[in-house]
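*Asks:* Below is a structure I'd like to ask you about.
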Amino acid sequence: MYGYISALVQGLLLGPTWTGTCKLNSPQNPEEASTYRKASLLVIFVIFTLALVATAFIVYNFAACPRTDQLANVTKYELSHCDQNKLTVIPLSTDTTYTETNFETTTAAIDTTTEEYKVIDVRLPNSIKPDRYSLKLTPYIFEGNFTFDGEISVVITVKNETNRVTFHGVELDFHDIGLFKKEDGKAIKIKGRTEDVARQFHILITAEPLKAGQQYVLNITYTGILNDNLHGFYRSSYEEKKDKRWIAVTQFQATDARRAFPCWDEPALKARFTISIARPANMSSVSNMNIIGRQPHKSLENYIWDHYAESLPMSTYLVAFAVTDFGNMSHDNFSVWARKEALSSASYALDIGPQILKFLEEYYKIKFPLPKIDMVALPDFKAGAMENWGLLTFREIAMLYDHGVSPTTAKARVASVVAHEIAHQWFGNLVTPAWWSDIWLNEGFASYVEYVAVDAVEKTWKLMEVFVLNEVQSVFKLDALTSSHQISVEVGNPEEIGAIFDKISYGKGSAILRMMNHFLTDDVFNAGITDYLNAKKYGDAEQRDLWSALTNAAREQGHNDIDVAVIMDSWTLQTGFPVLNITRDYDTGAVTFSQERFILINGTVEDQKPVWWIPISYTTASEKDFASTQPKLWLRGERSVICNNISISKDDWIIANTQQTGFYRINYDQRNWEMLIKILNDPKRFEEIHPINRAQIIDDAMNLALSGRLDYRIALDITSYLTHERSYVPWKAGLVALGYIDSMLSKGAYYLEYQRYVLRLLSGAVQDLGWEVSLNESVVRAQHRVDLLWTACHLQQVDCLEHAVRMYTNWMLTPNPDAFNEIHADIRSTVYCIGVQAGGAREWNFAWDRFTLATSPSERELLLSVLGCTRAPYLLYRYLELSLRNDSGIRKQDTVRVFSAVASSSIGEPIAFNFVRDNWQRLKEFVGSVSTMNSILKVVTRRINQVHEFNELKRFVSLYDKELGRPVQQVLERTEANVQWMQRNYKTIVSWLLDAEKARLKMATLILILALAVTAHAIPTPPSTRNTIFIDEQLEGQIFDAKYFTESTATTDPSAYRLPTTTKPIHYDVFWVVDMARLTFSGDVTIQLAATQANVNEIVLHSNELDISSVELKLGNTPIVQTYELEPEFHFLKVSINNTVLQYNANNPVVYTLNIKFGAELRRDMYGLYRSWFKNSWNDTESWMATTQFQSTSSRSAFPCYDEPNFKATFKITIRRPSAYKSWSCTRIEKTNIGVIAGFDDDIYYITPKMSTYLIAVIVAEYDTKPLRDANGTLLYEVIARPGAMSVNQGDYSYDVGQRLLSTMSEHTDLDFFEQSPYLKMTQASIPDFSAGAMENWGLLTYREAYLMYDPEHTHDNAKQIIAYILSHEIAHMWFGNLVTCDWWGHTWLNEGFARYYQYFLTHWVEKDMGFDVRFIVEQVHTAMMSDSGNNPHPLSNPNVGSPSQASSMFSTLTYNKGAAIIRMTEHLLGFEVHRQGLRQYLVDNSYGNVLPIDLSQTLHNVSVEAGAISEYPGFSVVEYYKTWHDQPGVPVIYVDVNHKTGAMTITQRRFNVNTGYATVNYNWQIPLSFATASNPNFNETKPTHIMTSTVTVINRGTTGDEWVVFNKQQTGYYRVNYDEYTWNLIIIALRGADRTKIDEFNRAQIVDDVFQFARAGIMSYTRALNILSFLEYEFDYAPWMAALNGFSWLRGRLAGTPLLTRLESLMIKWATPVMNSLGYSPNSTESFMDAYLRRQMAPVMCNLGVEECLNSANSQFRALIDNSVEVPVNSRNWVYCNGLRSGSYGDFSKMWRRYIEHNVYSEKIQLLQTLGCTRLESALTELLTSLVKENFEIRPQDYSTTFNTALTGNEGNTQLVFNFIKSNLVDVEKAFGSVSSPLSSVASRLRTTEDIDAFQLWLNQTQTNLGDAYSTLYRAAESSRESLSFAQEIQNDLDNYLVNGDENLSPSTPSPVTPSEGSTVDKPGITAPPTPDLPGSAMTAMLSLIVVTFAAATNIVL
């Protein structure tokens, strides 16, 4: 059997063996054949299983996380000037008021009457025509006025006799009206005036008829309003240097000139205008014509008249003027105007404007007729831009382009909008439509010609290709609705007129003009246009005039059969557009062309079925002629035609509508579609099709499928080709089409499959474009990047998200983010949006602040959009509210943009829709425009696709459909289409996506394994899936504590827990009454606070579990009416101010006082203000005390406050306490008031420095003190504790060492502690019950008693050094944490990392013999790297911190240890003195403030640059370096591959993972590299020679030949190091040799730790690892052995219960015996601290290993204690007590228990608790555990875990004894620990056999009801132990190999090292990596590659 399996495997791997007759060799007999078949089946089964595993791996690793945003639909560049709000047509209203007012002119009085009637005709009578206007205006641009005076004189000609003069006027207050005969000045009596409000008419009724042919002069004086509605003559404002500036400007199109002056406000009624503007002397005016004179105003001081030349004949809507204080720039007759601080941004407009003007003069062949052009950029402008003749007005965003701030695409927008408006100077101004029904003649032409003009000026932009996307395909969507309208449409009232400035007029108008251009040819088209303009200049025209001119031009060039009117009327006078169906008969070659109207909701019944004249162009696979766009045939209004003369092979595809020049869609028969799919999916041939037609195919197919005309499977098959598409236009069409599916699926169960599919399409294109923007990049490429990056991030591509979030976070951390923004403008839209989306309130507020401060229009517009990206509903609601506030900074013109931004995701859309429903009336009043309301309704409903949602929409619309009109019908129709789409297509699309996913898995399996095969040799290959983190390391307090390293499952946005920053505290007066008899406290707090912004009507602060009895708010002595409420979930106390807001003054804050009375019990959980007890001797009664622990979020449990670190304030504290007690707080006591009430005194404390709430502390206790006072008796320093400890001098060591530490730290920082505040002192306080261990409260440091009290006879050296270094830690906080405080707990490392760093090094400076410099490596660096190598470590700077539990979780191993390790690494990088100087500057710059990481790194960078400390690293930035370490999780490992022949060292960095070797998500760090060699073993020079920033770099060693190299000198860098095999051999030889100590002790420890973890992670075999570690047999130093003990401890835990454990322990004994023989088991008086310390660590291990000498020593010392009361040496008690109890009797246990109860030294009591569990006696263990769970004042709650864990781990046999105790005392255990989860998880971690695990899980199942939520946790814990057993089996053979065979014999094979004479020791340092070199490989990895490829093939077969 084995032989045939072997043969089969060989056959699979090497291929079949062929005989001479070409037949496959096979078994020779039936038995063999049967065996062979069985073997085959077995191997296939194995391969199948492996395939499933591989598939699971792929699914797991390639799956994207579902998100619910809308795919970005990037629309046109906002090139038109049309109001984005005016999207649809509004029918004539039926509710109209007619008002007639009779009034007195100069001669008569007349009555007023009013009547109602229906408006039938809104056109002016044609009896009068204006000829000339003379207009004088005086605007008052002042707050409180905002009016203007007008004086107008109009020369009119009477065409038909009449006694009525009818003209327009709105919101004008007429004063005097006079009518005169022009020829003689005779006054015409006006006997009355009527006002037709509905028509906006004023009608003058004359006493005598006005004669036809006569001219008259109408004079009117009047007053108008400078409104704020952005139409007519309106006011606008902006701020410059916080000074509000007002301007007055106009916008008259279409019907708003009548708001500025009485006029005949219709486009055909052209006249000449002479305008004079009076303006303030410090301002300027501008109008259509040039200024011809100026003069002072006669009656208004400081006003000047500007008089303008008479204009050419023009329409009223083209009149314009502006009064501003703007600056201007000019070029010849071309000028630009803008705010002065924005004027430079108008340079591009000034550059391109004249070029476009010149081009269009040549294009139209008509000179521009006016003497000048002015272009003005306006802050408030409802339209995008306006073509007023000679005075073009723009939104700032449409005219200003600021290089470096504006994205590249903004440049295209400016060019296009400028071109659009200049194009209007001919089409629209020179020749004007006779009525608005033909407005498309204006806007369609301008929209088309803007592309032509910009394409001519900016040739590289390829805008004519983009035209198809922006104008053709985008307008199809609107025109496919039955509620669309024809291009030429009759309109009447102003709302109807405004509504047709929509996509039909602009986009469809331009698209049919382009179509006409192509079928007429350029020559005919251009000639016809010129003729048309010349014939109609200065007049008006209709579309038939244009058709006539074009027809004549065509016939002049020989095209006599063309009638343009016949063709084009079918496009302009019919609604919609056709789909051209092409059906081929592949046998006969006949092709049928048929047309029908394309309607979105297919099946909609039409009364009429329109037909069009369709020009049909096409090409075939043989021709591939996409350049020819003229039609080859026509559908001449026919429904169909059959062509038999098209030459096309049946195997050739046909593509119609070349370059999509025709305005219609194409649908092919299925076979032709399949041929197109085939060529598109061929990466080598798809570009044979023109990019516009590739875009057309995608757009047509997807929309045909959307409407039900094409199977979605075909359409989606087409999109799959995008994987190799790189052109912008097809990709954009694809994104838009897929975007619809995205919006429909985003709320469904299969959105994940959609995400995966589109991300696969994107990956190649995104990688090609990348994030780096090159100089002078094209507009199209820039837009392409924007689209693809946004889509990738939206679909949760991990790299995209991480990149964006990192960039946004870095920007947030920039000191001046408004001035310094390194995010390129082209990618800001993606970065900002994802930054806001991934963050919370802080990120949103940051973006909001940037918006309020931004001056660049493009930046403001961008920020308005990205503020809607947040996923926090409350922020979205807030944003919508802000959009309706006049003081928010959001301009009214941008309201729709805000609603669109909010509604752009599936989270935001229902919020936006509900907001609109709930605030309809308010919203309508605010925006003041029905068209804007329609636009808002459109954007907030675009994703609705469920029946119930549609029904609710219809119900809502029914309430307002009369006022909304036709546009709302378009909304309903579109929504109904969405609902139908879901019903019709959802299942089909889901099925297709699932099939695509299955196919992908098949291919991905093969590709992935092929890739692994190719790259297997790059670096040591880790296992693909693996876990080495078992339950024993996941328990609370362990290195992989689950609360730190599991992903949060919280559903609440972290930012929801953060306080708003709208108010801030300034000062607190806190009064506490502490009643020790009742164990309660009460009091009140008075907070002085101020608003930080305007319009604040709510104060939010924290309060948790306090009884609030009253709240009072005052301004001075005046009470402010308020109400308050508590939000317990967020610990919020909200004080709402009624009917007013807090006063705000930025320069002189208005201070309010908030007084709150509160009370509560003294807490029991050791947080907030809590109770504790102590005894002065064991037989005393308990004494109660009160103390505090506020970090991080428990101040709120002691008094209402702003309980976040960045709300700093000063505090004045008063404590009322029982007279027999004393109190302490942060500062010294100012005075004590005795006996204020019976039995109580008041201690009043001096004011604190400005500080955070968590640093406040209070103690009320019957304590003693040992004080230090100065000569004046002022308290400086003291130690306080219970009298029983102080009376025996246990505080002496803390008293002494604390002062030395404080003095040294003051000197080190150059900031004396006592100078931080005049009232600070240093109190070191011992607390009996203290969960935190110690706390840095400013001036009142609190500690567990064991960490402060020292007795030389009973406190071992370990406890002594703990006292020293914890004192050091807390003292360091006085500077790092208190004086300078992290801004938020997400940056806790800025506090704790520094404190941990000084915990070691400050202590080392003071207590040098304790070896803290050595111990830092093992105790901090190694543990940090272990914590950081799990699957989900948090970064040092963690943005996802909000809730109290999240804040608490940041006090983790990583925050402390990694923070300290990174600080140490930076110190060695910069040098000690430079680093210290930088820290001193950092402290000075940020004293009493809050900091972010950028504050630290920027200061260090500046100081380093000044000192020249980083000059050898060109381009290096400390800021960027630090970001890679604090923003990125994980720890790097570098792989060093040395070429010993050349000295070249190739270094690769990867993120290390302890489970699999390398993490799936990789990062690049800036790694300081240092190395030593055998020939230059200088480990003391730790400054790095290189900074590695790339994945791979190459360094030259400087020598050739064999010699070891060791990287990371003294392990100063935070990274692991692995080497190639040969270099490891050289290191092994050195470590085994006599000169091993040439390799530094720290680096030997590093090697030990790295090697253990490499073996654990699977990237190094245990055989190899133990070969390297064999030098330990000769090792005598502390650090390597401590690293070894840690590594062996983990390994022993895995092997416990297996036979292999005994052999491993034998090896350990062998290696450890020499060092233990050197140390001995008894202390001696001359030994060093570190020798004693090493013995204390190693002796327990030796006893546990069963070393007889150790056991004998322990037993003899223990018996001497028990039998003769001879004290065990303090440093031996840990192992002597434990081993004595293991072999001792119950009486021995009882004596040791009594020793615990009666002992007065807390460190000895802890020592006893840590060893009492070593007893093997069940009765003794039961007694110990019973004392633990019973409330008897014997064991403190803070010591429960210590005691329990000792009982559990004291002996292997204890596990079941402890488990039995828990089972019998489940209720008591749960009460003691708060949950059974922790103790039972510990039990689960000790289960050593499958039988034990099974029994444990059986009990869990039986007890599940009682266990509650803990059940699943405990079950998983047991499974983790089962995994541990499996891991032991996995490594057994590997370990056994070494344990049997021992060490390898190694020797070098190349010459000894030689230093080249011309070389240097190392290359010149640098941070730029060279090209990636070839990485090492081997024959073995090549063979493995072959194997995995074979498996992949088999997997593909299975799938």
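Backbone N, Cα and C define each Cβ position, glycine as well.
Sharing the record's features from TrEMBL:
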- Glu421: active site, proton acceptor (ACT_SITE)
- His420, His424, Glu443: Zn(2+) binding site (BINDING)
- 129-318: domain 'Aminopeptidase N-like N-terminal' (DOMAIN)
- 348-571: domain 'Peptidase M1 membrane alanine aminopeptidase' (DOMAIN)
- 653-976: domain 'ERAP1-like C-terminal' (DOMAIN)
- 1064-1255: domain 'Aminopeptidase N-like N-terminal' (DOMAIN)
- 1293-1504: domain 'Peptidase M1 membrane alanine aminopeptidase' (DOMAIN)
- 1604-1904: domain 'ERAP1-like C-terminal' (DOMAIN)
- 1939-1974: region 'Disordered' (REGION)
- Tyr506: site 'Transition state stabilizer' (SITE)
- 43-63: transmembrane segment (TRANSMEM)
*Asks:* Just checking, which of His420, His424 (binding-site residues) has the fewest C-beta atoms within 10 Å of its C-beta?
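*Replies:* It is His424 that, of the binding-site residues His420, His424, has the fewest other Cβ atoms within 10 Å.
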*Asks:* Return the stretch with the most CB pairs under 8 A relative to the domain 'Aminopeptidase N-like N-terminal' (129-318), choosing among 348-571, 653-976, 1064-1255, 1293-1504.
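*Replies:* Out of the listed stretches, 348-571 contacts the domain 'Aminopeptidase N-like N-terminal' (129-318) most.
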*Asks:* Taking just the CA atoms, what is the gap between His420 (Zn(2+) binding site) and Tyr506 (site 'Transition state stabilizer') in Å?
*Replies:* 11
*Asks:* Can you grab the distance from Glu443 (Zn(2+) binding site) over to Tyr506 (site 'Transition state stabilizer')? Cα atoms, rounded to a whole Å.
*Replies:* 5
*Asks:* Whole-number Å distance between the CA of Glu421 (active site, proton acceptor) and the CA of Tyr506 (site 'Transition state stabilizer')?
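*Replies:* The separation of the Cα atoms works out to 13 Å.
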*Asks:* Around Glu421 (active site, proton acceptor), how many other CB atoms lie within 10 A of its CB?
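*Replies:* Other Cβ atoms found within 10 Å: 29.
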*Asks:* If contact means at least 3 Cβ pairs within less than 8 Å, sequence distance 6 or more, would you call the domain 'Peptidase M1 membrane alanine aminopeptidase' (1293-1504) and the domain 'Peptidase M1 membrane alanine aminopeptidase' (348-571) in contact?
*Replies:* no
*Asks:* Taking the Cα atoms as reference points, how far is Tyr506 (site 'Transition state stabilizer') from His424 (Zn(2+) binding site) in Å?
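*Replies:* Rounded to the nearest whole number, the Cα-Cα distance is 13 Å.
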*Asks:* Specify the count of other C-beta atoms within 10 Å of the C-beta of Tyr506 (site 'Transition state stabilizer').
*Replies:* 28
*Asks:* Looking only at the domain 'ERAP1-like C-terminal' (1604-1904), what is the model's average confidence as pLDDT?
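*Replies:* Across the residues of the domain 'ERAP1-like C-terminal' (1604-1904) the model's pLDDT averages 92 on the 0 to 100 scale.
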*Asks:* Within 10 Å of the Cβ of Glu443 (Zn(2+) binding site), how many other Cβ atoms can be counted across all chains shown?
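*Replies:* Counting Cβ neighbours of Glu443 (Zn(2+) binding site) within 10 Å gives 27.
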